[in-house]
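Below: the structure, in structure tokens.
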Amino acid sequence: MENNITVVGASNWDTFIYVDKMPRVGETIKGTDLKVSYGGKAANQAVQASLLGSNCTLITKLGDDPSGVNTLKNFKDKNINCEFVSVVSNVPSGCATIIVDKNGDNNIIIIGGSNDLLNEKDVDNAKSQIQNSSLLLCQLEVSLNVTLHALKIAKESNKCKTMLNLTPINNDPLILEMFKFVDILIVNEIELIGLYNSTFNNNNNNEKDFNINQLMEMCDNLIKKFENFENIIVTLGGNGQLLVSKENNKNCHIELKEKVKVVDTSGAGDSFIGSFAHYLVTENKPLKDSIESASKVASISVTRHGTQTSYPKSNEIN
């Protein structure tokens, strides 16, 4: 389907606990509020892109429990194609507990549940869908074998571009194999430094602070190392984003145009990625413009509580 985005990965049922400060080990504290929301990186990214008007298909697996039933209804309400959302019996849906402090920072504990049962056959069932998409978007929350398989299938097609959100990062060799099939890599600063250190056996950078030029040089070296990368995008929170491309004339630091009052940063990275995919694929904007537009969407999300509940629709973007 023309300008179609397919997302492979995890769906979660999120429980948010709000606190004034994070508890220390062994400490019991009183929370200030509790909310539930839909989550999971793949689900979040698909929902945000769909809210902005993209045609999105999600490949994920749910449990046959109340949270799974509600999650499936949520996808349908958000106009996501659920043809490849499968349901498994006697296994709980994925879930996450998210602790958010008064500054909007968070700690997260994830239980994979049904997400851990997403398999290569599920991806094979969606082969035609993937290969006829304009973009395949993946993360690392489900089996790495499944993610690798999806990326390989996508690159068998000349049409489908691939985007990998390298989180949660680890040092599994399968990730290096994935890089052979990735066009656009998206990382945050910590993930970039971790990837750079493991790639170049550099153990001296873990505690250092890096300036923008040093981070861009890391990206440039990674693009030279992994020749399939066309672009690396680095999210820097309140400091904006970096774009580093094979075409060096596109390299830039995109700073935030306005500061906002942060309430909750949960899911903001997914909001940015889903929005970026939308603007790049559906609206066919250039890379830099897509990043700027996505940054604006994500900056709205951090002014609201929750993950998907914080995501703006297209008519809320000025």
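Glycine is treated like the rest: Cβ placed from N, Cα and C.
Lifted from Swiss-Prot, the feature list:
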BINDING   Asn12, Trp13, Asp14, Gly40, Lys41, Ala42, Ala43, Asn44, Glu141, Asp270  substrate binding site
BINDING   Asn188, Thr235, Leu236, Gly237, Gly238, Asn239, Gly240, Gly269, Asp270  ATP binding site
BINDING   Asp264, Ser266, Ser301, Arg304, Gly306, Ser310  K(+) binding site
ACT_SITE  Asp270  active site, proton acceptor
Cβ-centroid neighbourhood (8 Å) of the K(+) site, Asp264, Ser266, Ser301, Arg304, Gly306, Ser310 excluded: Val263, Thr265, Gly267, Ala268, Val302, Thr303, His305, Thr307, Thr309, Tyr311
Residue among the binding-site residues Ala43, Leu236 whose Cβ has the most other Cβ atoms within 10 Å: Ala43
Spatial neighbour of Asp270 (ATP binding site) that is closest, considering only the binding-site residues Asp14, Ala43, Glu141, Asp264, Ser310 and their CA atoms: Ala43
Extra residues within 8 Å (Cβ to Cβ centroid of Asn12, Trp13, Asp14, Gly40, Lys41, Ala42, Ala43, Asn44, Glu141, Asp270), substrate: Gly9, Ala10, Ser11, Tyr38, Gly39, Gly94, Ala96, Gly267, Thr307
Nearest-integer angstrom distance between the alpha carbons (Cα) of Lys41 (substrate binding site) and Asn188 (ATP binding site): 14
Long-range Cβ environment of Asn12 (substrate binding site), under 8 Å and at least 6 residues apart: Tyr38, Gly39, Gly40, Ala43, Ser93, Gly94, Cys95, Ala96, Ile110, Asn115
Most Cβ neighbours inside 10 Å, all chains, among the binding-site residues Gly238, Gly240, Gly306: Gly306
Least Cβ-crowded entry, counting other Cβ within 10 Å, from the binding-site residues listed as Asn188, Ser266, Ser301, Ser310: Asn188
Three-class DSSP secondary structure - Gly238 (ATP binding site): helix
Lowest local Cβ density among Lys41, Arg304, which the record lists as binding-site residues, within 10 Å: Arg304
Cα-to-Cα gap, Asp264 (K(+) binding site) vs Gly238 (ATP binding site), nearest whole Å: 13
